[in-house]
Amino acid sequence: MDRKQNLNRSETFSFVNPMIRYFLFFFSFLFWVFSLLIVAIGVYAKVQKATDTVRDTFLIDPAVILIVVGVVMFFITFCGCIGALRENIRLLKTFSFTLTFVFLTQLAISIMGFFYSDQTRDALGKFVKKAIVHYRDDLDLQNLMDYIQKEFKCCGWNNYTDWSWNLYFNCTHENPSTERCAVPYSCCTPVPGETVVNTMCGFGVQTQKYLEANKLIFPAGCADKAVLWIESHLLLVGALALGLALPQIAGIVLSQILISQIQDEITSVL
């Protein structure tokens, strides 16, 4: 009887912990669904701009960025999801390796951004300059710039005169545009009690001095305002960074544990 019980125990025993296996599966499945949602939003936004022919905005197009991020997330989480469900070591190793690579890349970018702040600022400045240049050409860029300027209460990258980079807002005498020397309405200071947004509130502002312009718009550049915002919200920035890092670390650790358990299971059978 004892011998039969021992045989039954050895047959039912498994090195693979089902809690770790199914937790990794549901963890990956949740982010897999989220990645599909990101891709769907990106594709929808891109289809809505099907007539857009500006190639220079491709790399800074929010829709393209969403699609790329979503596809990368889909590939990684698919490997984790199916690998955990089928106990497939190759898929789990692919999941662990790619997730580790993404995490280390993010960490390296963060460290380089901290130690090379001037170069980071220049790189971001080039991105914003392209967004300003193509402000009227790409609706997503326009909405993104308007949102940033409203939230940070700023105008342009260095200051409000940066809007001369744009063809329509350029302040040279040769510019025939009706928006010559203007800035977008998102630069304007809100008027208390105003129910209808005055989209012409920034007309002619670039011809004014800083103190004069300050009465109508937020003349400071978004670069300085962003730095001030980060310095005054360090706890929030740290929490966001931790919230981004923890799921990735959890995925890496869980996948490595599961790989080790599956390998032990295979060894015990052999």
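From the backbone N, Cα and C atoms, a Cβ is placed for every residue, glycine too.
No curator has checked TrEMBL annotations; they are predicted automatically.
Pulled from TrEMBL:
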| type | residues | note |
| --- | --- | --- |
| DISULFID | C154-C187 | disulfide bond |
| DISULFID | C155-C171 | disulfide bond |
| TRANSMEM | 20-44 | transmembrane segment |
| TRANSMEM | 64-85 | transmembrane segment |
| TRANSMEM | 97-116 | transmembrane segment |
Give the distance between the Cα atoms of C155 (disulfide bond) and C187 (disulfide bond), rounded to the nearest whole Å.
5
Can you tell me how many other Cβ atoms are located within 10 Å of the Cβ belonging to C155 (disulfide bond)?
27
Could you work out which of the disulfide-bonded residues (C154, C171, C187) has its C-beta surrounded by the smallest number of other C-beta atoms within 10 A?
C171
